[in-house]
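**Student:** Below: one structure in structure tokens.
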């Protein structure tokens, strides 16, 4: 008779018990309900990204279109009216009044910048640039295009500051102490900037044209799918228009060649939309951002549009879009004018009539687009509960109010606050003078969680408080970075 050792029996029973436990053990997800709820919300956020993103992109696209059309339609008319006022006002004997209003001075400066830069662009040889870039290898084209995109963002970041410095220097009240180098140096810097930025965009369009005419269509898709913003998407569409104009000119405006270009254009646009959705889905996931932030950004852009239409507005609408979104229409418009004038030959009275009808059509499109955008923006502002902020004084008036040295608490003033404003004990967050803004109230979710779990001061409080939307930098909203 064979006897089984006790040690072997114990081991065998332990192994059986372990296997039985592994097969029958259970767990309860509700013990960590907050974690799994958060994971589910992340999935829902990714599913909401395409809709919310395209709503924001569409609104931002039409904002850029409105500012872009302004350069071709209303700006020339405003410059003509300002010049007529400049010529006729001294003849009327009104020597005590200002010759031009500040807005008219800015319009005249924009017009002079466009005229000078266009005359300088006429000396740039597009054909030589095309053949120079065409001789590069495929990998070099991809690197060149990426470098041009980075340079374009740097130019946009610094360019609006140059233009704002020129506008303020030209319209600054004379009674103030002079603290600048003069209008002419600022004007020359602005002309140089617009010219160099237009050259940069021309090289970008030429590189894209080379990719269009090459046999490697995958390079075209990769080059055009690097954008994440509405500004870059609008710029790419203008570049596509320039490429189509140049190609149609080379084929003597043969309509059949347009259908050859059409599949590539559709492929580029479709790839842009797909890549944008994927990129923003990962951005929101890894940064723990809710899909509602796109609605807040859209409300911020709408607030800028509505506030620029106010009687006490301190900036032009196109300049407001440039500061908020990083879109400067002057260099891009200058390049498009240069390409159109070199590609399309106008001869005869019928051609001039076509140009006039096209110009009237652009004015009609601009007016309709502005009306629709203004009405839509009013709806967005009302939904975000920002109406009261529209009646606030300009930032210069707000910043001039006395404040205490400690704590940033405003001192008592002669003008009491409105009676309908509720008093609160929440400390005031300091706001910048350039971008003062109102946002929807934050929920006290973190406080409730900390009170229920007793984890105050633990890792749950590492999140930084939400900023007011108008305090966000101009490149954060639909611009060139997402913090």
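Positions of Cβ are set from backbone N, Cα and C atoms, glycine also.
Annotations for this protein, taken from TrEMBL, read as follows:
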REGION    391-460  region 'Disordered'
TRANSMEM  56-75  transmembrane segment
TRANSMEM  112-133  transmembrane segment
TRANSMEM  183-203  transmembrane segment
TRANSMEM  223-245  transmembrane segment
TRANSMEM  327-344  transmembrane segment
TRANSMEM  356-381  transmembrane segment
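On this model, are these features tucked inside or out on the surface, and what's nearby?
**Tutor:** Residues 107, 110-111, 114, 229-231, 233-234, 238, 276, 294-295, 297-298, 301-302, 305, 317-318, 321-322, 325, 327, 329-330, 332-333, 359, 362-363, 365-366, 369-370, 372-373, 376, 478 of the same chain lie 6 or more positions beyond the ends of the transmembrane segment (56-75) yet place their CB under 8 Å from a CB of it.
Sequence-distant neighbours of the transmembrane segment (112-133) (same chain, 6+ residues past either end, Cβ-Cβ under 8 Å): 71, 141, 144, 187, 190-191, 194-195, 198-199, 202-203, 206-207, 209-210, 246, 330, 333-335, 337-339, 342.
For the transmembrane segment (356-381), same-chain residues at least 6 beyond its ends with a Cβ under 8 Å from one of its own Cβ atoms are 59, 62-63, 65-66, 69-70, 72-74, 298-299, 301-303, 305-306, 309, 387, 390.
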**Student:** Who are the long-range neighbours of the transmembrane segment (327-344) in its own chain, taking Cβ under 8 Å and residues 6 or more past its ends?
**Tutor:** 64, 67-68, 70-72, 110, 113-114, 117-118, 121-122, 124, 126, 155-156, 159-160, 163, 194, 197-198, 200-202, 205, 231, 234-235, 238, 241-242, 245-246, 248-249, 318, 321
